[in-house]
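Visitor: Before I ask anything, here is the structure I am working with.
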Amino acid sequence: MSNEKMDTSPPSYDSHFTLETSMHRQLKDKRIILASGSPRRKQLFEQMGFPNVETCVSGFPEDLNKSMYITPWEYAADTSVQKAIAVYEKLAAEEDSPDIVVSADTILILDSEIMEKPNDPKHHLAMLKKLRNSKTPHKVFTAVSVIVPMEVPIHPGYVMKTHLEETQVKFDPSITDEFLEAYVRCGEGSDKAGGYAIQGHGALLIESIIGDFSNVVGLPIRATFKLMEEALEQGDADNYD
C-alpha cells in the first residue's frame with residue numbers, strides 16, 4: 001500500500017484577483033461596449049471583471065415625453081432601450097462591430113415624482129431637504145438593456161434583453177440644514193439625479209438602504225451580469241436554430 005497522502009488542499013489563489021467565469025472566457029478579446037459616458041458606470045462594469053470595456057455615448061436626446069408613460073420606470077426602460085439601439089446602430093457598420101452592447105438609465109422617484117438633476121444651488125438644497133423630510137424612502141430605478149448581435153439574418157439582427165432594478169433609500173431625518181448646505185457647496189451632487197452621490201460624501205446622508213447599492217450608483221452589477229449571460233445564451237441558441 002502506498003504511503004503517499006492524497007492532496008486535499010484547496011486550489012491556490014490566482015494572482016491579481018482575476019475573475020474568470022465562462023462568460024469572461026467567452027468575451028475575452030471581444031468588443032464590449034457600454035453605451036454611457038459615465039465614469040461611475042464604467043468603474044462598476046470593470047468591477048464585474050471586464051477591464052476591456054469601451055464606452056460610447058449614445059447621443060440619444062433622452063427627451064421622451066414622460067406623460068406618455070403610465071409609470072416612471074417605463075420611461076427609464078424605454079430610454080435605456082433607445083440608448084442601446086442608438087449605439088449598436090452607430091457601431092454595427094464598423095469593421096470591428098461590437099459583440100455586446102450594454103446601456104442603462106437611472107431615475108430617482110419620491111412620491112411618484114421623478115427627481116431630476118438640480119438646476120442650481122437653490123433647487124439643489126430644496127431637493128435634498130425634500131428627501132430628508134420625507135417619511136417614506138425614495139426609490140431608485142435603473143433600467144439595463146443588453147444587445148447581442150445575431151449571425152443569422154433574422155430581424156432585427158440582434159437579441160435584446162432588458163431588466164429593471166429597484167432600490168429603496170432613506171435619508172437620515174436628523175441631518176441639519178447646515179450639513180445639507182455644506183453638501184450643496186461641495187458640488188458633488190450637482191450633476192446627479194436626486195442631488196447626491198451615494199458612493200461619495202453623499203453616503204453621510206443615508207440612514208438605510210434596501211436593495212443593490214450599485215444600483216443607486218448607476219448600474220446594478222449582479223443584475224447586469226445575469227442579463228448579459230441570458231442575452232449571450234439566447235444569441236447562441238438563435239444562431240444555431
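Just so you know, glycine gets a Cβ as well, placed from its N, Cα and C.
Annotation comment: Swiss-Prot describes S38 as phosphoserine, evidence class experimental evidence. Sequence annotations record features per position, and here Swiss-Prot assigns site 'Important for substrate specificity' to R40, T106, Q199. Feature annotation from Swiss-Prot assigns active site, proton acceptor to D105.
Give me the structural setting of these features: burial, nearby parts and distances.
Guide: Within 10 Å of the Cβ of S38 (phosphoserine) there are 18 other Cβ atoms, across all protein chains. DSSP classifies S38 (phosphoserine) as coil under the three-state reduction.
Spatially close to R40 (site 'Important for substrate specificity') yet at least six residues away along the chain are Q199, V217, G218, L219, judged by Cβ distances under 8 angstroms.
DSSP assigns D105 (active site, proton acceptor) to a strand in the three-state reduction.
Here T106 (site 'Important for substrate specificity') comes close to A76, V140, F141, T142, A143, A193, N215, G218: these same-chain residues lie at least six apart in sequence, with C-beta atoms under 8 angstroms from its C-beta.
The DSSP secondary structure for Q199 (site 'Important for substrate specificity') is coil. Taking all protein chains in view, 16 other C-beta atoms sit within 10 angstroms of the C-beta of Q199 (site 'Important for substrate specificity').
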Visitor: Using Cα coordinates, what distance in whole Å links S38 (phosphoserine) and D105 (active site, proton acceptor)?
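Guide: The separation of the Cα atoms works out to 11 Å.
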